[in-house]
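Per Swiss-Prot, GTP binding site is recorded for 14-21, 61-65, 119-122, and the stated evidence type is similarity to another entry. Annotation source Swiss-Prot lists S-palmitoyl cysteine at Cys188. Positions annotated as S-geranylgeranyl cysteine by Swiss-Prot: Cys189. According to Swiss-Prot, the feature cysteine methyl ester maps to Cys189. Taken from Swiss-Prot, the feature motif 'Effector region' covers 36-44.
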Amino acid sequence: MSEKAVRRKLVIIGDGACGKTSLLYVFTLGKFPEQYHPTVFENYVTDCRVDGIKVSLTLWDTAGQEEYERLRPFSYSKADIILIGFAVDNFESLINARTKWADEALRYCPDAPIVLVGLKKDLRQEAHFKENATDEMVPIEDAKQVARAIGAKKYMECSALTGEGVDDVFEVATRTSLLMKKEPGANCCIIL
């Protein structure tokens, strides 16, 4: 008899072009996307095992662009975990993680735990080796401060390009979703 998988829904939000889709692409398909295409809505399903528990993880990729703000709230329904992503080379995306994305997640899905994820971690190393680097990287301590301020369960960084930390992000997110007590009717709901 096959083992029944626990189902979990993960929703990733953040500014457009911050690296959300690349993260999901690398995690589910094992390779970095060759071209950037703005996301409207994409769903992926993958099976994984965390702490000996088989999990069917549904991944919801959302559009960060303003023109999709009216559609995005539908993705929050019954979310078990929210990833808020920002690009480590774009301080404004961290500010938006705190002011826009955390507020939106808490409004539509107040009981879902949040993990704050710094994306494009490889750019930190690249900037370190550039003599005249003009792009200012988000200090890790600033990101940790934002994570605390929004009540995130964890702050993590990863690079979809190199693969560093990608599996760790989803392991922590899945584990966090499993640790949350599920009360009947405690899932996120949307009233329109």
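If you go along the chain as it appears here, the first residue is 1 and each next one adds 1.
Yeah, the Cβs are placed from backbone N, Cα and C, and that goes for glycine too.
Put plainly, the binding-site residues Thr62, Gln65 were compared by Cβ crowding within 10 Å, and the winner is Thr62. In this structure, the binding-site residues under consideration are Lys20, Lys121, and the one with the smallest number of other Cβ atoms within 10 Å of its Cβ is Lys121. The DSSP secondary structure for Lys20 (GTP binding site) is helix.
The Cβ of Ala17 (GTP binding site) lies under 8 Å from the Cβ of Tyr36, Pro38, Gly64, Ala87, each of these being in the same chain and 6 or more residues away along the sequence.
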